[in-house]
Amino acid sequence: MAKMVLLPVLLSFLLLPLASLALTQDFCVADLSCSDTPAGYPCKSSVSANDFYYHGLAGKGKINPLIQAAVTPAFVGQFPGVNGLGISAARLDMEVGGVVPLHTHPAGSELLFVTQGTVAAGFISSGSNTPYTKTLYAGDIMVFPQGLLHYQYNAGTGPAVALVAFSSPNPGLQITDFALFANNLPSAVVEKVTFLDDATVKKLKSVLGGSG
């Protein structure tokens, strides 16, 4: 019994040096010449103020004609200064009728701040498949928990713009439609797992650039 009581105390003392080491390092600007790892990029040896600055969200992103929207990221790959800090950002531009289809960010939660226009947004819980939806206006924010399917679309009569914060320097992105129809997964398999008919699957594969 005494050993069982002492074990957590011993583990705490073993972890203290690691916690102290983490606290004494102010930052770790990503060395993008190296490969990313589950713990992030290795640290760059030479750092300047420019590593902590990014101008890429100042202007409108390049609109994708299919979804009539643009997502401009400021993830670690574009903004090395966020490496190891547990944060990143993006800008969302949507034309009238623009949509960001159902998607997930496997590695981070999302906070959306609408700066212009009207945005309809929502997410679906993983247990009960309950949808949580809201119409957002300039000045509104909405949070999307990590890994849950969510969407945004322009619900107004003019362009919509939003700034986005993530709880990860590299939150990841998987768009459901593209995952299903923009690859070479055989149509027969897609039909089986989605309950869609052959004509619909082939049409969506054609639109999204898939094959099979």
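Including glycine, each Cβ sits where the backbone N, Cα and C put it.
Annotations in TrEMBL come from automatic prediction, not curation.
Since the structure is predicted, the reported quantities are computational estimates derived from the model, not experimental observations.
Residues or ranges marked as signal peptide in TrEMBL: 1-24. Under the heading disulfide bond, TrEMBL lists CYS28-CYS43. The annotation domain 'Cupin type-1' is assigned in TrEMBL to 55-202. Annotation comment: TrEMBL describes HIS103, HIS105, GLU110, HIS150 as Mn(2+) binding site.
TrEMBL feature annotations superimposed on the structure.
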residue: CYS28; record: disulfide bond; Cβ neighbours (10 Å): 18
residue: CYS43; record: disulfide bond; Cβ neighbours (10 Å): 16
residue: HIS103; record: Mn(2+) binding site; Cβ neighbours (10 Å): 20
residue: HIS105; record: Mn(2+) binding site; Cβ neighbours (10 Å): 22
residue: GLU110; record: Mn(2+) binding site; Cβ neighbours (10 Å): 24
residue: HIS150; record: Mn(2+) binding site; Cβ neighbours (10 Å): 23
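Within 8 Å of the centroid of the Cβ atoms of HIS103, HIS105, GLU110, HIS150, where the record puts Mn(2+), the same chain has further Cβ atoms from THR104, PHE123, PHE144, LEU148, LEU149, PRO171, LEU173. Taking the C-alpha positions, the distance from HIS103 (Mn(2+) binding site) to CYS28 (disulfide bond) comes to 29 Å. Taking the Cα atom of each, HIS105 (Mn(2+) binding site) and CYS43 (disulfide bond) are about 24 angstrom apart. On the 0 to 100 pLDDT scale, the domain 'Cupin type-1' (55-202) averages 97 in this prediction.
For the pair GLU110 (Mn(2+) binding site) and CYS43 (disulfide bond), the C-alpha distance works out to 25 angstrom. Spacing of CYS28 (disulfide bond) relative to HIS150 (Mn(2+) binding site) is 31 Å (Cα to Cα, whole number).
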